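See below for the structure under consideration.
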Amino acid sequence: MPSADVQKVSILGKESIHCGFHLVPYIVSTVLETLPSSTYVLVTDSHVAGLHLSAFQAAFDERNVSRDARFLTYVVSPGETSKSREGKADIEDFLLLNSCTRDTVILALGGGVIGDLVGFVAATFMRGVRFVQIPTTLLAMVDSSVGGKTAIDTPHGKNLIGAFWQPEYIFIDAAFLETLPAREFSNGMAEVIKTAAIWNENEFAALESRSAEIFAAIQTPSAAFSGRTLASRSPAQQLLLSVIVGSISVKAHIVTVDERETGLRNLVNFGHTIGHAIEAVLTPQVLHGECVSVGMVLEAEVARQLGVLGQVALGRLTRCLRAYNLPVSLADPRIASLPAAKVLSVTKLLDIMKIDKKNSGPQKKIVVLSRIGATYEPKATVVADSVIAKTLSEAVRVVPGIPTKSPIRMATPGSKSISNRALLLAALGKGTCRLKNLLHSDDTQVMMNALIELKASPSSRRQACRGSNHLVPQGASFSWEDGGETLVVQGGEGSLSVPPNGKEIYLGNAGTAARFLATVCTLVQPSASGERTVITGNARMKQRPIGPLVDALRANGSDIAYLESQGCLPLAVAPAGLRGGHIRLAASVSSQYVSSILLCAPYAAEPVTLELTGGQVISQPYINMTIAMMRAFGVDVVRDADPATGAPRDVYRIPKAAYASPREYSIESDASSATYPLAIAAITGTTCTIENIGSASLQGDARFAKEVLEPMGCVVVQTATETTVTGPPVGQLRALGLVDMEPMTDAFLTASVLAAVACAPPLAGRELADGSRPATTRIVGIANQRVKECNRIQAMMDQLAKFGVETKELDDGLEVYGKPVSELKEGASVHCYDDHRVAMAFSVLATVVKGTVIEEKRCVEKTWPNWWDDLSNKIGIEVEGVELSVSTSVASASRLADQGSAASVVIVGMRGSGKTFIGQLASSALEWSFLDADEFFEKKFQVGVREYVQKNGWPAFRAAETDVLQELLNTYPARYVISLGGGIVETPAARDLLKGYAKKGPVVHIVREVDEVVKYLEAEGSRPAYGEPIIDVFRRREPWFVECCNYVFVNYTGVLTDSLQADNAPSTTNIRDEVARFFNHVTGQQPNLAPNVTADSRSYFLSLTYPDITPALPHIDKLTAGVDAIELRVDLLRSPKDLDELGAYVPSAAHVTDQIAALRSKTSLPIVFTVRTVSQGGQFPDHAEKDAFALFHTAIRLGVEYVDVEITWSEKHIQALVAQKGHSQIIASWHDWSGNMHWDGKLVEAKYRIAHEFGDIIKLVGKANDLDDNLALHRFVQRMRSSVDAKPIIAINMGIEGQLSRVLNSTFSPVSHPLLPSKAAPGQLSFAQIQTALHLIGQLPTRRFFLFGNPIKHSMSPTLHNTAFELLGLPHKYELLETEAVGEEIKAVLASNDFGGASVTIPFKLDVIPLLDALSPEAEAIGAVNTIVPQRTAGGGLMLYGDNTDWLGISHCIRAALPANVNNPEAALVIGAGGTSRAAIYALHKLGVQRIYLFNRTRRSAEVLVNAFPNIKIELIHELGTWPADGPAPTIIVSTVPASATTTDPDVENALYLPISIFESSAGGVVVDMAYKPAETPLLALAGNQSKEWKTVKGVQVLLEQGYVQFQLWTGRRCPKALVAERVWSAYMAA
């Protein structure tokens, strides 16, 4: 047997698990020697086969000396889809075909899918054969291969069919992990961490502290089979193997005790109950281990909620998972960015959890952790749905009541302020310090992680010793004691270095860490030239100021650069040490600036004198806290005093020294957090005692009880170390009058919610002397709260308003006007702005106000992660989980509304611009309600607008109109379209309301050509006269409309294109389509983004190169054939007077708006708005940045879907644009024309990172010099796409040599067209050319499409689809398959490898359904299939999907032909009750028709049809032209009977008589005849003779429209409608 040192693990009494490195020869020899057989079959997947199969084949060939045994291999497709009934059958058929018998030994080489599948085959083949597990992924090694569980998946869930079948051996070859991607390694580590968490705290501690070493162990390839023997095994290999063996040993022991999972074995499912439910929705985009990682955290939160797990343990678990790059919440960007994540509702997850093997009937079971290394029970525990739902919910509802735990005695988490300071002091100090009561939260974790990143490397430590062989300290190190209750910090003595590999330090929204670390980074020792430490944060952190601190450090000689906005993160800090000496600092914004310099000053090159300037210093108690803590760590700071008065001056002297860490430092409880339970006692009239916070506290907020609660009427007893508050009877809190909260600014939020219900007058001496209301609380000294996690002052005002509480903003604070609890509005939903203090403050108010919902419950994790659990378990206030169906919150406090909100649309514009018409169309498209403000006004005041003005005058009307506006915005905040009067912008008050609302929701300005407006108003007389020329009114109001709106809709009347219309080029869009596109996009209900911009699709945009696009509009359908979007090259546009102007040019916003409006009148394709500068290959001036961004903002306001922004522009402007983009997307672009850029170089990666920062799509363009440049580009793209946070990327090379890159590029490839005047860039290809090239290189195989039916020989479908294939350069073919029945011929076609799709017509629309795997909701509702689409499943399998496009063909034709005056059709008529009638009824229902009349000569058939649609109002009529007594005449008529069966002559027998009375609607309408022959049926002829208001639609038109949809379903491409229609009509007429 080959020499190999293996570690053996016993399972079920047998040492069958063998672990080592490079074991292939050992595996083959062991199997051959101990498992004799006539046949050995190795099953693997194609991916693993490419890596390892040849080694097994060679080893078997070498060692199978007797040649008596066969060695067979079988390769399956990778992925979960192979783990199916079909996949199992395929392997079994292979075994039978090769005459395998019962002595066969099967080897499973691969990941969990292979192990589960092959194990199940072994368990059932010949009633059970021997098999061997050879896992190749870490996940399989430590989990699925151990224990004998085998299974396959079904459509109902994972692993639901299987068996327990133990392998003869499990060979763990850790060398396989060297080929494993890092993400897959992390995927496996989730299971390793899980095992340690439930079983062994020591193993868990090792995983916590050694993540970097464990990662490094798989990143260093082993040469010459090193590691096979102990002598050649490196320490890294030994560490990796010990981690694997340790995890396997635990599972092996559990399996030995409980093989069949009756109890103990449940424990290895920790994290899986919730994790599997998440995985069921997110697979395959999110891996098993990643889902289990989130599941572990959530299940640990369940344990915390039940009161059996402490926050320390949960914090340790979360940190450990993060250390291995695993997600720990559903908010992780890797999860939240996935479309599937949007359906991860609490209800859906609970529903999935019903089907879990651990459950006992309806009771769900979860493994409940009690501490790290132990579980609550030695099995899974029954947990109520309500408990799980509370954990999963994104929001909570606090149930009002008296705290049941009163008198309460509790401690709050450790102080965030002290925790962060203690971490930094201990890390910089000398010696070992044990930190007790450290806050376990996001903020402290951020600080600790940053200090770890700044650890000095060995090279920098040697350099610091100036050639000595001794090393200076390597920086701080951290470990845990007492089960995680104590953090042990080994000080680094000030030794710091730049993070390795240019890694940025990410701080999230941790303001304290950002301010402190800005100075810490100046202490970093110099290293390689040009290296800098970069600290950055999230979007809000990049808005929070840090300028005064940076200014002071720069003035002291530090080299610090802003990488984006001036005065904010991110910062790049040069490693040069802190010079020291005299430092002047403006300290009126944040005391954290002062503390930052104080904490680092001892390590400056010279003693520091810190002088504070700029007026009153903010939050002096926090500065005093810092000085006191520095003293505890051995450094005394001296504060200067005025020689004359002895008063302290704002000058501090700090000696040059080193901190000496105390052996132990106990961190005070957080005084800011303590305000919440104390305030609950105050507001509910109960008693609460907070331990570890008293008069001796270092924290200013400790004064809250004495200086705020006591004056409000509470009894306060405070000792040096604890505080007790007893509140007055409910409703008897006193207002505070004036209170200066500058020493405790964070506590003002708590004071504000108490002030909201403080109705009693202030204590004597605290009254306000300026005539303010008695119940006024005026809070001052808190100006700095505007630059915290959000603008907290604005946030409190906005959210208190939801309770009906009035407030007033002050320069440095706010006033709150108290009112009785009984008068507060119930049911408020509080938006928290991701601010922990907002959430906890309003939870106090929620204890007395019914129905209060606190959104974003998880934001409390910043300082008190278990607040909601403590509120229930320690205070005794019930908390319920709430699932927010529609976000009703709006965020005016320095950020835009939530992307998922359904905030109402407000429409403004001149009278006559079409506000009512557009508004009604918008409400119909959005399926929202419509409100006309004038009608609301007249109903409210019971008088018309004209009469009101005549009676009361214009000023009174404007005031009343403004009040109505306020009422509308408050009463109808969501899912309404509100159309306002044209003069609403005349008053400043109304304009302020509109501007305020524009921060929350869409305010849309309807624009129409002024001449059209004047023409309308001159003829209209329902409103009062202006009393001045209309054009003057227009000019006065226009800037106000612009000022108040955030979107503009152009009600385009075709002025630019009237003269250009061509008979054969009708508009491809109409006003209804454009309204639907625009309003669905700007509201986010259905953003008009290109669906093919996905990882597995190809997308293209056409680059328009016209100086004026209007001549191209008649041909736009031909130009855009096949593409997904249109690029408008704005830099190439010229106004009519400047068409001959060459060179750099700036088009006006008005001209660009006109061009976009004209384009929108012809196509609904998304627009890519590009302003390319001269230096980037365009014609826009490089210096005209302000003009460029004015155009970009114009594009966003116009609802343009994509805006191309060059990353060479300033970060400030880019970030401002990103903040305002709404549901549009940014393409972050960079072009290199030099040909010197290398796709494997650092420059392009740097540009990629910049573009990735703010772009939704990344665009990088180089220039190819040869073919290799295209291959290098392709490799670069593949590498970028493999990253976890990958975004869509456009990467191409310019020039003829770069054309291959355009073929290979899959995202938004720019294409040209022969009809264009020029190409937008050298080397551009047409869409058809790229498709041809893709086919030639094997990336676009030929597909066959069919029409199933009988008779079908005269069908126009082949002409339609084959014409489209030809025009787009697609190598496909559409054929007729006429059969007598749905039999073997059709089944064979469906099963063929080249099957691309099929149309289905009569008589097979029902018969074909049993052959399909799934139906669309539309096909199910209609009960018929006319389209079959083969779809690839997530695992790579094939699924046949049935759809129905007939209804869409009918719907599109009706929408296009419906007269403009018929906005919401009330009634429609369907003639006939056959299969097509079903599609017609469904189409009419989706169009919003309220009443559908149905006529059929055979009443029984009609009744069957009515019963098929129980939820649609269908009324049978007995005679055409006679409607129900209360029913209007129809404005839509659809006939589904053969034309030959109808007549307009009442004397014709055996035919359906069509009376002219069916067209009695005075508004006109649309009549659709589904019959193909003749071209003009009796019905259409009758309609044509009746009135020009009735529009007719021929059956062939419907055929075309439904065919266009079919084509897109099959190919993902829009059909080239104009040319296809031209050929189909030609063939139709010829026939």
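Glycine residues also receive a Cβ, built from the backbone N, Cα and C atoms like all the rest.
Nobody curates TrEMBL annotations by hand; they come from automatic prediction.
According to TrEMBL, the features are:
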- GLU261: active site, proton acceptor (ACT_SITE)
- HIS276: active site, proton acceptor (ACT_SITE)
- CYS859: active site, for EPSP synthase activity (ACT_SITE)
- HIS1231: active site, proton acceptor (ACT_SITE)
- LYS1259: active site, schiff-base intermediate with substrate (ACT_SITE)
- 80-83, 111-113, ASP116, 136-137, LYS158, 176-179, ASN187: NAD(+) binding site (BINDING)
- GLU191, HIS272, HIS288: Zn(2+) binding site (BINDING)
- GLY909, MET910, ARG911, GLY912, SER913, GLY914, LYS915, THR916: ATP binding site (BINDING)
- 74-186: domain '3-dehydroquinate synthase N-terminal' (DOMAIN)
- 411-871: domain 'Enolpyruvate transferase' (DOMAIN)
- 1466-1520: domain 'Quinate/shikimate 5-dehydrogenase/glutamyl-tRNA reductase' (DOMAIN)
- 1595-1623: domain 'SDH C-terminal' (DOMAIN)
- 1-385: region '3-dehydroquinate synthase' (REGION)
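The Cβ of HIS272 (Zn(2+) binding site) lies under 8 Å from the Cβ of VAL292, GLY295, VAL367, each on the same chain and at least six residues away in sequence.
Across the fold, the C-alpha of CYS859 (active site, for EPSP synthase activity) and the C-alpha of HIS276 (active site, proton acceptor) stand 25 Å from each other.
Checking each of the recorded positions HIS288, GLY909, GLY914, LYS915, LYS1259 against GLU80 (NAD(+) binding site) by C-alpha distance, the shortest gap belongs to HIS288. Taking a C-beta cut-off of under 8 Å and a sequence gap of six or more, LYS158 (NAD(+) binding site) has these contacts in its own chain: ALA151, HIS276, GLU279, ALA280. Of the recorded residues, GLU261 (active site, proton acceptor) and GLY111 (NAD(+) binding site) place their C-alpha atoms 22 Å from one another. The recorded positions listed here are CYS859, MET910; among them, MET910 has the most other Cβ atoms within 10 Å of its own Cβ. The closest partner of the residue listed as 'active site, schiff-base intermediate with substrate' among the recorded positions, by CA position, is HIS1231; the full candidate set was SER82, GLY909, MET910, LYS915, HIS1231. The ATP site is set by GLY909, MET910, ARG911, GLY912, SER913, GLY914, LYS915, THR916; from the centre of their CB atoms, other residues of the chain with a CB within 8 Å are GLY982, ILE1006, ARG1008, VAL1013, ASN1051. If you take the Cα of GLY914 (ATP binding site) and the Cα of THR136 (NAD(+) binding site), they are about 66 angstrom apart, rounded to a whole number. Put simply, LYS915 is the one of the binding-site residues MET910, ARG911, LYS915 whose Cα lies nearest to the Cα of VAL113 (NAD(+) binding site). Counted with DSSP, the domain '3-dehydroquinate synthase N-terminal' (74-186) comes out as 50 helix, 34 strand, 29 coil. Those residues of the chain, other than GLU191, HIS272, HIS288, with a C-beta within 8 angstroms of the mean position of the Zn(2+) site C-beta atoms are LEU139, ASP143, ALA190, LYS194, GLY271, GLY275, HIS276, GLY289, CYS291, VAL292, GLY295. Note on proximity: among SER82, GLY111, GLU191, the binding-site residues of the record, the Cα nearest LYS915 (ATP binding site) is that of SER82.
A C-beta separation below 8 Å, combined with a sequence spacing of at least six in one chain, links THR179 (NAD(+) binding site) to LEU51. All protein chains considered, the CB of GLY912 (ATP binding site) has 23 other CB atoms within 10 Å. Helix first, then strand, then coil: DSSP counts for the domain 'Quinate/shikimate 5-dehydrogenase/glutamyl-tRNA reductase' (1466-1520) stand at 22 helix, 13 strand, 20 coil. DSSP states for the domain 'SDH C-terminal' (1595-1623), grouped as helix (H, G, I), strand (E, B) and coil, give 24 helix, 0 strand, 5 coil. On a Cα basis, GLY111 (NAD(+) binding site) lies 14 Å away from GLU191 (Zn(2+) binding site). In this view, the densest Cβ surroundings among the recorded positions HIS288, LYS915, HIS1231 belong to LYS915, judged by other Cβ atoms lying within 10 Å. Among the recorded positions listed (SER913, THR916, HIS1231), HIS1231 has its Cα nearest to the Cα of SER82 (NAD(+) binding site).
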